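Quick look at what TrEMBL lists:
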- 21-40: transmembrane segment (TRANSMEM)
- 46-72: transmembrane segment (TRANSMEM)
- 93-113: transmembrane segment (TRANSMEM)
- 119-135: transmembrane segment (TRANSMEM)
- 196-216: transmembrane segment (TRANSMEM)
- 222-240: transmembrane segment (TRANSMEM)
- 252-271: transmembrane segment (TRANSMEM)
- 277-299: transmembrane segment (TRANSMEM)
Amino acid sequence: MGKSAFYGYLQLMRPPNLPTAAADILAGGAIAGVYSQLFASQEGPAPWLVLLTLVTASILLYAGGVVLNDVFDAQLDAQERPERPIPSGVIPRSRAAVFGASLLFLGVLAASLVRLESGYIAALLAIAILVYDAYAKKFSFLGPLLMGTCRSLNLWLGISILPITGQGAYLWVPLLYIFAVTTVSRGEVYGGNKKALIAAAGMYAIAIFGVGILVGVQTTRFWFALPFLLLLCLMVFRPLWRAYQINQPAEIRGAVKGGVLGIVALDAAWAAGYAGLWPAVLILALLPVARLLAARFAVT
């Protein structure tokens, strides 16, 4: 494989987005309470190794999903994004399809090694990814809804590290948040989506407020979570306001980037509220990694 092909496969996987998948798992582990026993001696695999396995599964699933997204979008990208690896001819569409499907399979397999429930959730996530890529993304409501569902399932995958109940109280937050990000992204190519930006701002506000309420009601660490929620507000609302003022593709792409990278701050807020500061700081450390990758690869 030549350097250009290797770089093409990396482009297909959208490296800046991958730390956000890992952040979901780390946040889910915080909600489940795994950090209090992370290095405890016990029978079976060490909790930290189990958590790392779920992180790997999540990254594989996310990477597979975005690769297959380009496979299904090859004809559209030939018109709108001809520089992408498939329409530019760097990666053949058939090879990209096999690559993406393999990543999804390996992601489900890795999750199944943790718990049976984790494997089921990963399989559901893989199905949701395929439905989004192949069909749902064409629709203005169903597309964002299913994309948000994928992110909710990813958080649930992290929570599944331990057998707890009541996950539904948390899963609506990533669904609404990603619904907002996906709504904004529909103006990446042509702009002119001010109404969508207003709707996204409202959804962001509800999601952020919801995290604050859940943490405040269920834990005693609201003040730990607050700085991360404020950081999240800064990350999403500042570029969103700029995109509203200058409603052009470049500014809208900036708002999408802020929303995608903001997932790390959102997950850090979950972790701060449910597990304390050190897991939150661990998650937040993924942000400079994502930003470094974003300087080299597109965030979409």
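The backbone N, Cα and C atoms fix where each Cβ goes, glycine too.
TrEMBL annotations: computationally assigned, not manually curated.
Between the transmembrane segment (119-135) and the transmembrane segment (93-113) there are at least 3 Cβ pairs closer than 8 Å, counting only pairs 6 or more residues apart in sequence, which means the two stretches are in contact. Segment contact holds for the transmembrane segment (252-271) and the transmembrane segment (196-216), given three or more CB pairs below 8 angstroms at sequence separation of 6 or more. A contact links the transmembrane segment (21-40) to the transmembrane segment (277-299), because at least 3 Cβ pairs that are 6 or more residues apart lie under 8 A.
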